[in-house]
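Student: Sharing a structure with you now.
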Amino acid sequence: MSPRNAELPVADPAADPDRARLQQLGYKQELKRGLSLLSNFAFSFSIISVLAGVTTTYNTGLRYGGPASMTLGWLVVAAFNGCVALSMAEICSAYPTSGGLYYWSAKLAGEDWAPLASWVTGWFNIVGQWACTTSVDFSLAQFVQVIVLLSTGGANGGGYMASKYVVLAIYCAILILHGLINSLSIQWLAWFGQFGAFWNLAGVFALTILIPAVAKERATMEFVFTHCYTDNGVGIHSKVYALAIGLLTSQYSLLGYDTSAHMSEETKNAAWSGPMGIVVSVALSSVFGWVYLVSLTSIVTNIPILLDPSNDAGGNAIAQALHAAFRTRFGSGAGGIVCLAAMAVAIFLCGTASVTSNSRMGYAFSRDGAMPFSRFWYRVNKQEVPFNVVWLSVSVAFVMALTSLGSQVAFQAMVSITTLGMYIAYGLPIFFRVTTARRSFVPGPFHLGKYGVLIGWAAVAWVALVTVLFCLPVAYPVAVDNFNYTPAAVGGVLLLSLGAWALHARFWFRGPVTNVDA
C-alpha cells in the first residue's frame, strides 16, 4: 500500500478518538468539532427538506403522470434511494471525512484508478452541490414572487407580477443572507440546522392535518393513488413514460443527505453519528414526505386549472390549490398565503444547509489541491469556519442563475445537474465498494454485514436507471424550447472533468493529500 493510501499511526487514540481517526485518514483537525448526532442529522434532514423539494417540483410531478406518479412513485423512489443511503452510510462509517464521496472513491477504486476516480467524483459532487444551491434559492425567489402575486390580488386581479430582473434581485438577496449565516460559527449553524429539522417536522405535521380539513372539495383515494395524468400538453401520452418522467419530483425531494458526510469532521463520534445522520434523515424524510404528498394531492381535483399559466398563481399548482381552498372555505385566500409562507421558510432553511454542505465539500476538495486557487479556498477563519469557500459557493450559485435572464431552458439545463450530478457522485464510490473493493473494504462501526454488496448493487442499478430516465425527452415533438438539456449539462461536466484530467490534472493530482506527518 502506498503512503497515499496508508492509514497513519496516532499517538493516543483514547484521548480523542475522532481526532485520532481523522489523523489515521491523513488529515489534521482544523474545523471545530462541535456537532452532536442530532445536529448532524438535522443538517441532512434540513437539506433534504421534503417541504422544499415537494413544493418546488410539484408541478413537474403533476404534469408528468399526475397523482399516481407522485404518491406511488414516491414509494418506489424511497425504497431504492434507501439502498443508496444505506450503502453511503456504510462507507461514511469507514471514512468519516469532509471530502466524503471523492475521498471514498479514492480509497475504494484501487491504487491505479484512485486519482481519476477521486477527481471525477469530486467534480460531479461539487458542481452538483453548486447547482443544488442555485435551484433551491432560485426556486425560493420564484416562490416569493408567487406569494407577492397572490397577496396583491392574483394574476387575474391586478396583482404584482415581478419581472425576471426583480426575481434575480430577490435571489441575490437570499444568497447573501445564506452567505452571512454560513459565515457564523458552527454553534450557530447547528442551531439553524436543528431549527430547520424542527420546522420541516412541524410543518409537515400541521399542513398534513390542515390542508384536507380546509378543503371543501377533495379527491377520492382512488384518484390520489391511481390516476395517471397524460393530457399534459407536451405530447407524451404513454402512461409508463409519463410515470417515469414524473419520478423527478420524488427523486429531487430525497437528495442532499451526503451533507452528513461533509459535516463529519465537525461531528463528535463521527464514524457512528455521520452514517446515522444519513440513514435517519432519509428514513424520516421518506415517511413524512409521502404523508405530505398524499395530503397535498388530496385537494387536487382539476389538474388543467392548477397547471394553467393564466390562473391567479401564474401556474403554480400548490399555490393555486391552497389559495382556492381557503378562499372557498373562508371567503379569503389569506390562510393559503400563510401556508405558502411556511413552505418558503422551509425552502430558505434548505438553502442555508445547502451552502453549509457545499462549502465543506469545497474546503475538503481545495485541501487536496483539486480546485483552482486551492490555497486561497483552503483557509479557515478565527471561528474555524471555511469563510472563503462559503462565499465561493454563493458566488458560483449567483453566476449559474444568470442563465435565467437569457433562457429558462438554459437555466433548467443548469439546475438539472443537481439531481443527476449529485446522484452520479453518490453512485461512483458505491460502485467501487462492490467491485474493486469488494474483498478489501474494512467497514466501520456502522455496516451492513453480508447484505452490503447486495444493497450496493441495488443502489448502483438504481443510479444507472435514474440517469437514463432523466435524460429522456420531456416533450414531443422535440423542439428548441422543450429540449431536455440534462444529457448536455451532465455530459458537459463529465467531458470538462475528463478533459482537465487528460490535459493537466493527471500530471499532479494524486487524490487525497495527507497533511499530517507519518
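Cβ atoms here come from the backbone N, Cα and C positions, even for glycine.
Just lifted these from TrEMBL, have a look:
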- 37-58: transmembrane segment (TRANSMEM)
- 70-89: transmembrane segment (TRANSMEM)
- 165-191: transmembrane segment (TRANSMEM)
- 197-215: transmembrane segment (TRANSMEM)
- 270-293: transmembrane segment (TRANSMEM)
- 334-355: transmembrane segment (TRANSMEM)
- 385-403: transmembrane segment (TRANSMEM)
- 409-432: transmembrane segment (TRANSMEM)
- 453-476: transmembrane segment (TRANSMEM)
- 488-509: transmembrane segment (TRANSMEM)
Student: List, by number or range, the same-chain residues at least 6 past the transmembrane segment (197-215) whose CB is under 8 A from its CB atoms?
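Tutor: Long-range Cβ neighbours of the transmembrane segment (197-215): 41-42, 45-46, 49-51, 284, 288-289, 291-292, 295-296, 298-299, 322, 325-326, 328-329, 335, 339, 342-343, 345-346, 349.
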Student: Would you kindly check 37-58, 165-191, 334-355, 385-403, 453-476 and say which stretch has the most C-beta pairs under 8 angstroms to the transmembrane segment (70-89)?
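Tutor: Out of the listed stretches, 453-476 contacts the transmembrane segment (70-89) most.
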Student: Count the CB pairs under 8 A between the transmembrane segment (165-191) and each of 270-293, 385-403, 453-476, then give me the winner.
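Tutor: It is 385-403 that shares the most Cβ pairs under 8 Å with the transmembrane segment (165-191).
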Student: As a test: from 37-58, 270-293, 385-403, 453-476, pick the stretch that has the greatest number of Cβ pairs under 8 Å with the transmembrane segment (334-355).
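Tutor: Checked against 37-58, 270-293, 385-403, 453-476; highest Cβ contact count belongs to 37-58.
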